[in-house]
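Engineer: Encoded as structure tokens, here's the structure I'll be asking about.
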Amino acid sequence: MTGAASTLLHAGCAVICAAWTVLILCAGRGRTALLLAATGAVAALWAAAVALAPEAPLEGPAGLLEVVRSAVWFAVLLLLCVRIAGAVPVPLVRRFGLIGLLVTAVATITLLPGTTTALAVPTLSVLARLALALLVVLMAENLYRNAPEAARWHVVLPCIALGGLAAFDVLLYADAALSRDFSTLLIDARAVLTAMAAPLLAIAAVRDRRSRRDLPVSRQLVFHGATLVVAGTFLLGIGAAGEALRQFGDHWARAAQIGIMAGALMALAVAVTARSVRSRLRRLVVDHFFVARYDYRREWLQCIARLSAPDAEVPADIRAIRAIADPADSPAGILLLRNADGHDADAAPMRWAGSWNGPSEPLALAPDHPLIAAMRHGAWVAHPGPGELADLRAVFGPLWLAVPLMHHREGLLGAVLLARPRAGVILDSEVFDLLRMLGREVAMFLAERRGAERLTDQERLQAYAKRFAFVAHDVKTVATQLTLLLANADANIQDPEFQQDMLLTVRAAADRINTLIARLRAPEDAPAPASRRHGAAERGSVEPLPRLRRLAAGRGCIRIEADGDTANAIAMPPDVFDAAVTHLLDNAVEASAPGAPVRIHLRQEGREVVVDITDQGEGMTPAFIRDELFRPLTTSKPSGNGIGAWQARELVRQAGGDLAVFSKPGLGTTMRIILPLQPVPVAVPDGREGARLVAVHAWQ
């Protein structure tokens, strides 16, 4: 093999040994780890010395470092033997002294000028190196054979690595002693074998229990170091393949060499930037170099950083999902939240609240849904099987885990559904404990955010009420002026000057009223979701069908359909019912094109009356329904106040019902009012003498 190839092989060996030495130092602080690191460091220095002088790999510094390398191997095996035996055996002490004398003699012979020229073999140097290699092999064999069964797991890798390298040295020096010449092929192959044995020494350092117990290493440092080692090994192999092709000397061989090198660089760039490859490499490094799968300090800091990022950069729902998905290496997630306004917390449905790299589909899970049962109402992280939760899989695709969002005061606030990770993860208690901890932190973040938004909206509504009081006072002043104008109109209507004054007064009044309206619509500085400000609804009932017909009259093309028995009254005062329906009808008519019909469908379902108001407008996105539709004082209409939809929902909820929205862009919107039936009194005897009756409530 040429000198250039020898330089390349030994330089690659030096880089790999140096990288693994750094990893060994990071992975442990014990004596075993330090000696293993010394082994890697000396091997790196020896390989670097040979790479600098490939024409004389056994002379000068390269020869001296080779002897020191073998001596360090023996010292490592001796220390392991001492640790296992508990004391230093006398034969090993004598053997170690003999090795010291032999190393001194070999080093002296190696450093003598003119000892080795053009790879000629001096007999004494070869025999001394051969003896040293044989002693290392014997030490490795004795260490493994005499080690207790429970301790062999700790020494098997150093015995294989160091014993194997020493056995190869025996082959090299035995061949040299027989043929009176060193084999350049064996010398270069020794560099490849040394690079392959370096990872075994690193794993041996990790296996040391004391060094594993005091692990201070940065996971990022180990990950990037392993990435460099893998990339360097890959490029070294590609370089060797290219060098083999170059030996053919033909034009096609040189072209193939260039193509292979360029393609290898492109493949390496793709692999380094691919998240799936990085995830698998990270998982491999963590599983073999660390006791704990996660760096909890780093995971906690990253979770806080994600949740505290400004809203302008990343929406809150995506931040909440990624705070749980990123530590689990999941590429996608869905956020489901409960909205307990107007409901008992345990009876509230769980609705879609956000997606990250997943579909945005409005979906509501009933309180008795199998997912909630699988999470044990927030106590467990659910891992659904292949045939479970078919309804969720049909909407959101493959599911891996469902992480509960447990709040200490509000209970199960929601859940985060995670997709399968990029690299395989063994699910154990460590993974589940971390996800439960992150779920609680995310639940606190969402609950505090919801509370802050409610408080902000209360302040906005109070400010709106204050502005309305000022406007009412100003409107009263304008009304007084107009009343006075009308009082004088009968007597002075023919007077041209009065007509001019009347025109100016009316124009000023109109401008004043427009200014007041604009002041009412002035946005606040801190928008947020609605909070309840109405008291309990007044007692009363209404028959919905006649009321709907009266409200639909004069509002354009409105069609009313009624199914079944709709004569039963609902538990809602007539004026409150009119106010809620009027807001929704006006919005439906405004959203529809001129002449397009608005459909009202009335029906009874069990103990509830359902009123669907459907338009054929542009529709709304799930994000708009979730974030904007029911926020007070927020509107997309030029002349709106942003109160109608929010007020309609609040009025319906105050009556014990609810308002649901079904809409898709381009397909129109359906506003569904769900109201309870009015309980009617039923007379039953009280069991006492006489015709006295007691009234109780029963549902029709």
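From the backbone N, Cα and C atoms, a Cβ is placed for every residue, glycine too.
TrEMBL entries are annotated by machine, without manual review.
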Engineer: In TrEMBL, one of 99-120, 385-406 is tagged transmembrane segment. Which stretch would that be?
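Structural biologist: Result: 99-120 is the stretch TrEMBL calls transmembrane segment.
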Engineer: When you look at the transmembrane segment (6-26) alongside the transmembrane segment (33-52), do they share 3+ Cβ pairs under 8 Å, ignoring any pair fewer than 6 residues apart in sequence?
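Structural biologist: Contact criterion met.
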Engineer: Taking pairs 6 or more apart in sequence, does the count of Cβ pairs under 8 Å between the transmembrane segment (186-206) and the transmembrane segment (6-26) hit 3 or more?
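Structural biologist: Contact between the transmembrane segment (186-206) and the transmembrane segment (6-26): present.
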